[in-house]
Amino acid sequence: MAKGGDSYSPGDSTKGAKLFETRCKQCHTVENGGGHKVGPNLHGLFGRKTGQAEGYAYTDANKQADVTWDENSLFKYLENPKKFIPGTKMAFGGLKKTKERNDLITYLKESTA
């Protein structure tokens, strides 16, 4: 039986924006037409498959993962990226707190559309 907190539920986008600033922005951009940094630009993330941001050099693991990004796949990925996609080059250790993942995903839904 699934526990509450095992999947995405809408969070606070303002808190998610702060998390993005402190935990993600050094490697990612969200703006339409924004460049890639260490990690890919995240604009258009929702509905896109792993390893598909044009012009970004992904690992084979990311290209072959066959995951379509949505709220629940991101929820699982952001808990522990290297466990979700073994071989990813994303160095981020993850967000263990359910609320933080929900807040960040809510922000990403708004900022990457």
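Yeah, the Cβs are placed from backbone N, Cα and C, and that goes for glycine too.
For Cys24, Cys27, His28, Met90, the entry in Swiss-Prot reads heme c binding site. Here Swiss-Prot flags Lys82 as N6,N6,N6-trimethyllysine.
Shown here: features listed in Swiss-Prot, placed on the structure.
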residue	record	DSSP class
Cys24	heme c binding site	helix
Lys82	N6,N6,N6-trimethyllysine	helix
Met90	heme c binding site	coil
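In this entry, Cys24, Cys27, His28, Met90 make up the residues listed for heme c, with the farthest two CA atoms of the set 11 Å from each other. Put simply, the residue listed as 'N6,N6,N6-trimethyllysine' is 16 Å from Cys24 (heme c binding site) when counted between their Cα atoms. For the residue listed as 'N6,N6,N6-trimethyllysine', the nearest of the binding-site residues by C-alpha distance turns out to be Met90; the candidates were Cys27, His28, Met90. Within 8 Å of the Cβ centroid of the heme c site, not counting the listed residues Cys24, Cys27, His28, Met90, the chain contributes Lys25, Gln26, Lys37, Val38, Gly39, Leu42, Phe92. Less than 8 angstroms from the CB of Met90 (heme c binding site) sit Cys27, Gly39, Pro81, Lys82, each of them six or more residues away in the same chain. When the neighbouring Cβ atoms lying within 10 Å are counted for each of the recorded positions (His28, Lys82), the highest count belongs to His28.
For the binding-site residues Cys24, Cys27, the ranking by surrounding Cβ atoms (within 10 Å, all protein chains) places Cys24 first.
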